[in-house]
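Just below is one structure, and these are the notes that go with it.
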Protein chains: 2
Amino acid sequence: MLGLRCILLTHFDETFYILAFYYMQIQFLGTSSGTPTKARNVSGLAIKKTNSKSWCLVDCGEGTQHRLLETNLTLKNLQAIFITHIHGDHCYGLPGVLASAAMAGRTAPLWLVAPAKIRSFVEGVIASTELWLNFEIQFVDVAEASSLPADLDFKLEVIQLSHRVPSFGYAFSEKVSGRKLDADQLRKDGVPSGPLWGQLQQGRSVTLDDGRVISGEDYFLPARVSRKIIIAGDNDNPDLLSEAMKNAHVLVHEATYTHDVLEKIGPGPQHSSAKLVADSAEKNELQNLVLTHFSPRYGAQTDSAMSINDIENEARNSYSGHLFLANDLDCFELQTDGSLAKV
Amino acid sequence: MLGLRCILLTHFDETFYILAFYYMQIQFLGTSSGTPTKARNVSGLAIKKTNSKSWCLVDCGEGTQHRLLETNLTLKNLQAIFITHIHGDHCYGLPGVLASAAMAGRTAPLWLVAPAKIRSFVEGVIASTELWLNFEIQFVDVAEASSLPADLDFKLEVIQLSHRVPSFGYAFSEKVSGRKLDADQLRKDGVPSGPLWGQLQQGRSVTLDDGRVISGEDYFLPARVSRKIIIAGDNDNPDLLSEAMKNAHVLVHEATYTHDVLEKIGPGPQHSSAKLVADSAEKNELQNLVLTHFSPRYGAQTDSAMSINDIENEARNSYSGHLFLANDLDCFELQTDGSLAKV
C-alpha cells in the first residue's frame with residue numbers, strides 16, 4: 001500500500017526532474033467511541049502521501065501504538081500529531097507513543113498540534129512518570145493557527161466544531177507546486193529545453209537566439225486542483241464544516257449513533273447521528289463520506305438488536321455520494337481524479 | 001477458570017457454616033518490557049481467589065483494558081489497583097481503565113496503592129482531560145503501609161526493591177481465618193454441637209452438663225499455612241525478596257534479559273537477568289518461579305539470534321524448582337497444597 005504509484009522522468013537539459021504522482025492515503029487505527037471493543041480501538045487515524053515514508057497522526061487513543069504494530073508506519077517517520085479534543089479516547093495513547101518513539105531512538109522533533117490542555121496533559125505525564133524523551137515536542141496550540149508547522153507534507157486548515165469541550169477538524173490539502181510549464185507547447189514553439197526553461201519556470205522573460213522575447217507566464221499550465229481530506233473531531237453540528245466541505249474530496253466524521261438513539265440519549269454528549277452527518281454531506285455535495293467513532297452498542301454481540309448496518313442504512317437514506325464505514329486498519333486512497341478507494 | 005472449587009457444608013446446631021476452599025489465581029495481562037510487541041503487551045497482572053468475582057490488578061500498562069476484554073474480569077469487580085513503580089509501561093493504562101470503569105457505570109470506590117507520584121499522574125490527567133469519574137479513588141501511598149486497605153481479599157505485604165525509580169513488590173497472602181475447632185475430637189469427648197461450640201470457637205471456657213470445664217484453646221486445630229504469592233516490580237537485586245520468599249509459594253519476577261545481554265547493556269537500566277532471579281530463587285528454596293517482563297528483543301522475528309528459550313534455559317541452569325515463563329493471558333492457579341498449575 002505504500003510506495004510510489006507513478007514516476008515520470010523528464011529530461012531537462014542535463015538534469016533529471018522527478019515528478020512524482022501520489023495518492024493521499026488514510027488508515028484507521030481506531031473506530032470506536034469512548035471505550036475499545038474486541039474489534040475496534042478508540043480513535044486514531046494516519047494520513048500520508050503514498051510516495052513518502054513520513055506520515056501524520058490524527059488523534060491518539062489508548063492502544064494507538066499497538067495498532068501501529070499492525071501497519072507499515074513507524075514512529076521514526078511520524079511527522080506530526082494532531083489532536084481534535086481533550087477527551088481520553090482521543091489522547092490517552094499519547095504518552096505511550098512518545099515513550100516508544102524515544103525507545104526506538106527517535107531524535108527528530110515532533111509536532112504536536114492540539115488544544116492547549118493537551119500540552120498540560122503531556123507535560124504533567126512526563127514530569128510525574130519521569131519520562132525521558134530524546135527528541136523535542138513542538139507544541140502548537142490549535143487556536144493559534146498562525147504558528148502551524150510549515151514543513152508538513154500537507155497544507156492545513158483548522159475548523160472549529162461543536163462538542164462538550166473545544167473540538168476541531170483538520171483539513172489536509174495537497175501542496176500543489178504552483179505552476180508547471182507546458183513542455184509540449186515550448187517544444188512546438190521551438191524553445192529548446194535547457195537553462196532557459198529554468199528561467200521560464202521562475203516566471204521570467206527570456207530572449208531567444210532568434211530575438212523573440214517570451215515570458216514563462218505565457219507557458220504555465222492551469223493549476224491542478226488540490227486534493228483535500230477533512231478529519232473531523234467529535235461534533236454535534238456537521239454544518240459547521242459546510243464551508244470546508246465545498247472544495248473537499250473526503251470528509252471523515254463521527255457517526256456515534258443512529259438518530260433514534262441520539263434522540264433517546266438527548267443532546268448532552270454532543271455527538272452526531274449518521275443522519276445528521278449524511279444530511280450535511282448531501283447538502284454540501286460532498287463526494288466521499290467516511291463514517292467512524294461508532295458507539296460500542298452497534299455490533300456488540302450482547303445486543304443483537306443494534307448493528308453497524310443500522311448506521312449505514314440511515315446514512316444511505318440521506319446521502320447519495322460514496323459512503324464508507326470505517327473499520328480498524330482500513331486503508332483508503334484518494335486518487336488523482338478525486339475518487340476514494342478502499343485498498 | 002472462575003467459580004467455586006469445593007464447598008463443604010457443616011451442620012453446627014441450626015446454622016450452616018459454609019467453608020469454601022479456593023485456589024489463588026493470577027492471570028497475566030502483559031509480559032513485555034518497555035514497549036508492546038504483537039504478542040506481548042506491557043505489564044499488567046490480575047490476582048484473585050477462584051471463589052470470588054472481585055480481583056486486584058498489579059500494574060496497568062497501556063492497553064491493559066484491551067487485554068481485559070479477552071478475560072472474564074470486569075472493571076466493576078475490580079477491588080484495588082497496585083502499581084509497582086512510575087515507569088510508563090507499568091501505569092499508562094490507568095487513565096483508560098478509570099475512564100472505562102466510569103463509562104461502565106462503576107460507583108464503588110477503588111483502591112489505588114502506588115508510589116505517591118502516581119497520584120500526581122492520575123490527578124493531573126483527570127484535570128487536564130476533564131475526566132469525570134462517578135466513583136472515588138482511594139489513594140494509598142505505598143510508602144505508608146499503615147494505611148493499606150483493610151477490606152481486601154488478601155493480606156498484603158510490601159517489599160522495597162532496587163530500580164531507577166522507587167519500585168516495590170506486593171506479596172498477597174490468604175486471609176486464613178485464625179482458628180478452627182476440631183469437631184471430631186469434640187464429638188468424641190461428648191461435647192454436643194450447638195451454642196457451646198460457638199463459645200469454644202471464641203476461645204472461651206464452658207461448663208458441660210456433666211460438670212466438666214473445657215476450653216476452646218484445647219480444641220483448636222493447627223493453623224493452616226497461608227498461601228502467598230509475590231508480584232515484584234522492576235528490580236535489579238532479587239535477594240531483596242529473600243525474607244519474603246521464605247514463606248512464599250510463588251514469585252513473579254522480571255527477567256528482562258539473559259545475563260550476557262545484561263552485562264553488555266550495563267547496570268544503567270537496573271533490571272534483572274534470568275540468572276540473577278533464578279540464583280536467588282534457588283538459594284531461597286522457592287517452590288514456584290514465574291518469569292515475565294521480557295525485552296522485546298527475545299522472540300522478535302527480526303532478530304532470530306535471540307529467543308525466549310534463552311531466558312528459559314538460563315533460568316533452568318540455576319533453578320531446580322517449578323519454573324514458568326509467562327505469556328499474555330496465561331492463567332495460573334496456586335492450589336491448596338502449594339503447587340502452581342497453568343490452567
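Our numbering is plain: 1 for the first residue shown, then up by one each step along the chain.
Glycine is treated like the rest: Cβ placed from N, Cα and C.
Quantities reported herein were computed from a predicted structural model and do not represent experimental measurements.
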Of A:ASP151, A:ASP234, A:ASP236, A:ASP239, residue recorded by TrEMBL at the Zn(2+) 2 site of A:ASP89, A:HIS90, A:HIS293 = A:ASP234
Of A:HIS163, A:HIS322, which one shares the Zn(2+) 1 site with A:HIS85, A:HIS87, A:ASP234 in TrEMBL?
-> A:HIS163
Taking Cβ atoms only, which of the binding-site residues A:HIS90, A:HIS163, A:ASP234, A:HIS293 fall under 8 Å from chain B?
-> none
Those binding-site residues listed as A:HIS87, A:HIS163, and which of them has the most Cβ atoms within 10 Å of its own Cβ | A:HIS87
What is the separation, in Å, between the Cα atoms of A:ASP89 (active site, proton acceptor) and A:HIS293 (Zn(2+) 2 binding site)?
-> 10
From the binding-site residues A:HIS85, A:HIS87, A:HIS163, A:ASP234, pick the residue whose C-alpha lies nearest to the C-alpha of A:HIS293 (Zn(2+) 2 binding site).
-> A:ASP234
